[in-house]
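Below is one structure, written out as C-alpha cells; the observations come after it.
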Amino acid sequence: MSSHITLIKTNTNNENKMTQFNYKVDNDVMIIRAMVNNVAKQMTPVWPLEKFIACNALHGFESMSFEEAVIQNQTAKKGTPFNEKLERVNWHMIKWCGSFLDIGQGTLEMPHRDKGLYFGFLKLAPFDSALHQNSKSIKSWLSNLPEMPEQAIRLCLDKLGVLNQKQEDFLQSTLSHLPGWAGYIKWISEWKNRNGKEENPVSLVDFIAVRLVITCILWPEASQEEKKKKKDSADTKQLIQNIKNKEDDYRQLLLKKLLPELSKAHIKENRANAQMVFCIDVRSEPFRRCIEKLGHYETLGFAGFFGLPVSIKDYDGETIKDSCPVLLKPRFNIHEKAIAANEHCLEHHEKGKEFKNILNRVYQQLKYNFSTPFALVESLGIWCGITMFLKSCSPIFARRLTKDLNEMICPSIQTQPVFELDLLEKEVGISLQEQIAYAEMALRLMGLTDNFAKLVIFCGHGSSTQNNPYASALDCGACGGNQGGKNAQLLASILNKIIVRRALAENGINIPQDTLFYGAQHDTTTDEVEIYHSNVSQFIHQDILDQLRTDLNMAKHNNNLERINYLNSIDCAEKDIARRSTDWSETRPEWGLARNAAFIVAPRQLTKNINLEGRCFLHSYDWSQDKDGALLETILTAPMVVAQWINTQYLFSTIDNVAYGSGSKITHNVAGKIGVMQGNASDLMHGLPLQSVMSHDDKSFHEPQRLLTIVYAPREIISELVEKHDVLKTLFFNEWVHLVAIDPRSHLFYKLEKTNNWSVIQ
C-alpha cells in the first residue's frame, strides 16, 4: 500500500505550463519513521547550557530494572576499540551539527537552515571537498540523493548492505556514536518545540540521514564491522554491589537519626517572628539549620518555582525564560516593570543600558567576525591585559570595580513583576481567579495554612559564578535552570493583595492582617540572602525585618564555616567563598548538589534537630491535612521526579565521567553556545564536569547511590498513589528510587519492595 500526494502549480502567465511535485509517502518511509521513533526512546534529551537541566543519563532504559540498565550500558560502553573510519565519520558529523545548531557564536550562518538539517546538507555537501575528496562519482551520488530524509535512510541502508532484521539495531548504533549531539536534537524536537514551530527545524530522522550518507562515503563496510565481544560484567556487578552497600549504610544511618524524633511530642509553637520558605534543594538544608538557631524563626521546604508555571521577561533582558519545571508547560507570561525613585534615575538607567548594548554588539561582532579578532586584540590589548591581571590576582577587587563602573554608566533600579491580566495584551498576566487558585495551592502544598508569622519570606535561589558555562546547573532546577527569586517575588505580590486574602479566607485560609509577604533570593555560592521590597506597599515590622537581616548575615557566616570544610580551603571561610564566586579561573565555585541522597516528605519538626549534612531534599508535608492524598500525589509525581533526575545525573557522572559526564573543565570548549566539547571536535558533553563530583582525579566527593524517598504518611495512602501512576511504579518497582514510609501512628519504618509489598525495617 502506498499513497501519493500531488501538488499542481499553474503559472500566472498565459503559457499552459504546469509544475508537478510528486512526493511518494510509501510504506518504506513510514517504516523508517517508526524505526527512528523506536530507537529514539532510549536516547536521553540533552538540554542547552543556558537551561542545563539534570536528567537521568539512562532515562530511556527506566523500563528495565536499575541493575539491568547499568549492566547493559556499562558493558556496551567499555572496551570499544579505536576505529579510524568511525572517528572520521564522527568528525564530519560534528562539523555539520555544530554549523547547523549554532545559536550565535559562528560568524557566518549556515545556508538553508530554515529548511532543516538534511536539506541544508543536501545542498551544501557537494561543495565539501573534505568529504568527497573531489571524487566525481561521489559528488554525482551526493547531487542525486532523494529530498526526503527517510528515503535517504532507506537508500543508505541498502547501499551499506544492512539486513532487514538488523536495521533497527544499526540505527540504534548510529545514534549511540554521538549521544550528546543526538540527545540535543531530541531535546529540540520533543521539548523545545512543544511550544510551537522551530525556526530551524531538525529531527533525529535528519540526523540519521546525514550520518548514513557520510558513512556510505567514508565507511562503506560499517555494517560488516564485527561486534566486539561483550566484556565480562563482573566489574559492573561489583560497582552495583558497592552502590547497594553505600545505600544500605546511609539508610541505616538516616533512619537511626530520625527514630528519636518520632517519639518526641511535637507541640505547635507560638507565632514565629518570621517564616522562610526555601526551595527543597539540598543546599537549603544547612542554611535552614543555621537561621533557625538564631531566633524565633520557622522554615519550610517547597519547590523553588513556588507553584507558578510562568515565563518571565526580565526588564533589562531580551529573552523570555520559562521559570518552571521542564515537566510543566508555562501557562502565563510575566513581564517586569521598573520602579525608579524619579524620572531622572529611570532615564539615566535607560541611556546607560542602550550605551552598554551598543558596546556589547560592536564587541561581539568584532570578536566573532573572521577578519577582525586580531585587530580587536591590537586595539584593546592593553586594557584586556589590565583586566586579566586584576581578575587573576584580585578577583574580588576586579568584581567590585566592575560593579562600580556599571553603576556609574547604568545605575541599577528596582523592578517588580507585572502579573495583572492585561486586557489590551491578553497574553500577559494572570487573571484574579487564577491568582487565587495558584496562591491557595502553593500554601496548601507547603503546609502553610494557619499560624502565619508577621513576616513570610519566599526565598528562591540562584548562584553567582564567573566564566562558568555550567552556571545554570547551579541555579534552580524547579525554575528550569533559572534563578528563582522572581517567582518568589511574584507569589509574595499576589498574597499581599487584599482581594486575594479575602478569597483565601472563604476557602479556610485566614491570613492575619499584619502578615506581610516578601520575595527573596538565596545565593547558594556565597549564602547571601537578598530580600526584595518592591512587592510590599506598606512597611511594618521594621524591627523584625532589621533583626532578620542581621541574623541572615550571621547564618551566612556560620554556613560558610560548615561548607568550607568540604572545599579544602585554608583561607578565611567568607573570604575564600567570596573569591570563588568572582574568580574566573575557579573550576569549583561550589559543590552544587553533590552528595544528594534522600528526599524527605514530612513536617519540619521531624528533621529540625538533625544535621542532615546538606544531603537531603526537604519538602514540608502534613499528612493530617491531606486525607485524600491529593497533595502527596503532586509531591511524588513532580518534585520527587525532578529530584530523581538530579540524583541519577550525579550518580552516573560519578561512576563514569567519560561516558555520562563531561570530563574536566580545563579542556572544555563551548560549542555554538549550546553545549561543551572536549577539545575542538568531540561529542556534545551531556553530564556534569569532573570538578562537580570528584575531589581529586581518583577520589569522588559525591557518593553514588540511588535516591532514598522517605514519606511520613500511612502506607495505604502511598500505595494508592503508586498504583495510580505509571511513573511511580516504574521508579519504585524497577528500583531507580527506594521508598520508605514512616507510619505516623506506629512510628515503624516500612520499605516498598519491587514486588509491591511493604516490609518492616528493623
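From the backbone N, Cα and C atoms, a Cβ is placed for every residue, glycine too.
It should be emphasised that the depicted structure is a prediction, and the values quoted were computed from it without experimental measurement.
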**Asked** Which residue of Cys476, Cys479 does Swiss-Prot report at the same Zn(2+) site as Cys279, Asp281, His461?
**Response** Cys476
**Message:** What are the sequence-distant neighbours of His461 (Zn(2+) binding site), meaning same chain, six or more residues apart, C-beta distance under 8 angstroms?
**Reply:** Phe278, Cys279, Asp281, Arg283, Ser284, Gly304, Asp475, Cys476, Gln483, Gly484, Gly485, Gln521, His522, Asp523, Thr524
**Request:** Using the centroid of the Cβ atoms of Cys279, Asp281, His461, Cys476 as reference, list every other same-chain residue with Cβ within 8 Å of it (recorded Zn(2+) site), in sequence order.
**Result:** Phe278, Ile280, Arg283, Ser284, Gly304, Gly460, Gly462, Asp475, Gly477, Ala478, Cys479, Gly484, His522, Thr524
**Request:** Using DSSP with the three-state reduction, classify Asp281 (Zn(2+) binding site) as helix, strand or coil.
**Result:** coil
**Message:** Let me spell it out: for each of the binding-site residues (Cys279, Cys476), count the other Cβ atoms within 10 Å of that residue's Cβ, using every protein chain shown. Which one has the most?
**Reply:** Cys279
